[in-house]
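J.: My questions will all concern the structure given below.
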Amino acid sequence: MMKFTKQNFIFLVGGMIIYVVDIGVDFWVASKYFCQGQYSWSILMLCFRGLSSLITQIFSYEWFKNDWEGTNTRKLKWIFLVHLFQCGIFIRYWFALKYGCQAAFKPNSSGDASETDPPNFIQKQAVDVVTDINMLRVFKTFLETTPQLFVQIYIVMEHGKDNICQYAAIIMSFCGISISTVDYQVSLRKSLPDKDEFPVLPKLVYLFYKLLTITSWILSISLITRLSVKSSVILLTFLWICGFTWTLKQHTAFCKSKKMEYLYRTVVGIILIFTFFNIKGRKTKVSISIYYATHTVVTLGILFVYMFWKPSIIKDIHFTIVSILTIVSLVLGIIFLVVYYRHFHPTAYCKPQACSDEVDGEVGQKDRMGIDRFQNFIMQ
């Protein structure tokens, strides 16, 4: 049975605090750039924030509408207004704190449960609302946090100025990526039959696998952007087209409406630029091998281009540091990836009928208390 523990509640509160701090840091960094006359960087940072907020609000409201379909019409109107003002995530955090507190500290309390609800109703409610938040944070991570990290690293490399606000933004970006990837995997494990907990060791291996491979790729993109912004845009666009096309061929079924489904596939295409996700619950050995082999080839190709095309840049200390970090994080990330999939991936110990090969990306909109939304989301 899925359980929401006191530790889960503490992480929930910590995640909410970091979310609020992250918003403050974004506006602080943007204002710093604006005051320094670097208007393009300021606008770019705010654009990432705005795009991420808009898309997460759209999905959040759609999930509320699907969960409350046919009931709570007045509440839905109020919920719509809150999302319209880009504050929907705080409504979800309020529900998470409410149910999480009851589940973690008052396990015998019935709370909002009726007499006909199962005994673990509050536990299920707490897990569900936190899972929804974690799904939205996955969107935020790859629509806002990861691109901002890439921009900040590029600015440091290009201008070579040590600025405390830049380093603060980089640190917050790394924290955001780390927390969202771990929370995401914890929610996944809770959605699997007979698996309530995500042990510490697998959690750390998964964290380092994701964080290191994403870091290596972000540094690679930063390098090619410094070489040629046009080349970077072309590469990212090509990768998004490949990811979007792959989601189309997988025939994902995350949303009820076709428009929302295409929006979902567009977002997944962006996510696939930075990291691999299995979006159809099929064997991924070949797909993930091709994915990271391609990233390795492109990364090495970028470094070789620098060596033969721009040998003068090699003497730059920032280039040297970034190059070393790129190679080291790529190698270590691949090692952690192999260890995770060989020893800690749920398919290594989960019953075949329970989790043939977890889905990374689609969601059926069935009864919330029946089949979790997360069982069709981008899993791994």
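Heads up, residue numbers simply count up from 1 along the chain you see.
Yeah, the Cβs are placed from backbone N, Cα and C, and that goes for glycine too.
Positions annotated as transmembrane segment by TrEMBL: 9-29, 76-95, 167-186, 207-225, 231-250, 262-279, 291-309, 321-341.
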J.: What stretch, picked from 207-225, 231-250, 291-309, 321-341, has the most CB pairs under 8 A with the transmembrane segment (262-279)?
T.: 231-250
J.: Quick one: do the transmembrane segment (207-225) and the transmembrane segment (321-341) have at least 3 Cβ pairs under 8 Å, skipping pairs fewer than 6 apart in sequence?
T.: yes
J.: List, by number or range, the same-chain residues at least 6 past the transmembrane segment (167-186) whose CB is under 8 A from its CB atoms?
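T.: Same-chain contacts beyond the ends: 8, 11, 15, 18, 21-22, 25-26, 28-29, 134-135, 137-138, 140-141, 145-146, 148-149, 152-153, 156, 198, 203, 206-207, 210-211, 214-215, 380.
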J.: Using Cβ atoms and a strict cutoff of less than 8 Å, what residues sit near the transmembrane segment (231-250) while being 6 or more residues removed from its termini?
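T.: Sequence-remote neighbours of the transmembrane segment (231-250) are 221, 224-225, 265-266, 268-273, 279-280, 298, 361-362.
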J.: Grab the same-chain neighbours of the transmembrane segment (321-341) for me: Cβ-Cβ under 8 Å, and only residues 6 or more beyond its ends, written as numbers and ranges.
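T.: Sequence-distant neighbours of the transmembrane segment (321-341): 153, 157, 202, 205-206, 208-209, 211-216, 219-220, 222-223, 288, 292, 295-296, 299, 303, 306, 348.
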